[in-house]
């Protein structure tokens, strides 16, 4: 059981940033294409490292900084040829990038500092997210929902779609928190960039979507950068950190470490 004070101080901020991230992402897609949004989102690993270094005073080895250059640069090359600039959409995507970094950092702090597991995190975050988005949703989309009910005879197709969307959203959030719990916020965002590169390659291999030479080079650079990042993380995990260096959370090694210990707080809270 989590104390009410800790819910508002620890979980509510992450839920709020989580909702802001969703809203900004949807707003940006109204004004800019997906490729441009992915270009801006490619900076998320870098902004995550910078925010943790500036705000949370977390130390990163220089090789981590160096590995982010091909990861970010590769995705830029992958999507830069399809840019369609819109200032409002650009600002929404840029602040969404910062919100994504902040969300993953807060999630890492909660999952490692409070030893939450993925289910606990979704369980405690969902009510706050519903509360935050519920009222704006009714004000912005309430009339549209009422009109839809009046113009359609059966509501079951919509109910099935909404329910299925909720199930998929739960699976997505569970997997996000599981990855952050098992690794770090930076690793999660690096995996996000890897996903973009793989999606481009798969679309070319399976659906034969045309890609330019620059897109292909960008995908290759991103894959190399992600491989280098994984190698650096592995090498650093084998080394003993210097005295006074903040420890980076590691992957749990057994089932007991995955059990929820929501009352077992660390003395040095992040």
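Glycine is no exception: its Cβ is also placed from the backbone N, Cα and C atoms.
Residues 213-232 are the range that TrEMBL records as transmembrane segment, among 213-232, 233-252. Taking TrEMBL as the reference, the stretch among 42-61, 62-81 described by the feature transmembrane segment is residues 62-81. In TrEMBL, the feature transmembrane segment is placed on 12-32, out of the ranges 12-32, 96-116. Remote same-chain partners of the transmembrane segment (12-32), defined as residues 6 or more beyond its termini with a Cβ less than 8 Å from a stretch Cβ, comprise 40, 84-86, 88-90, 92-93, 95-96, 99-100, 102-103, 106-107, 110, 125, 128-129, 132-133. For the transmembrane segment (155-179), the residues of the chain that approach it from at least six positions outside its boundaries are 107, 111, 118-119, 121-122, 125, 148-149, 187-188, 191, judged by C-beta separation under 8 angstroms.
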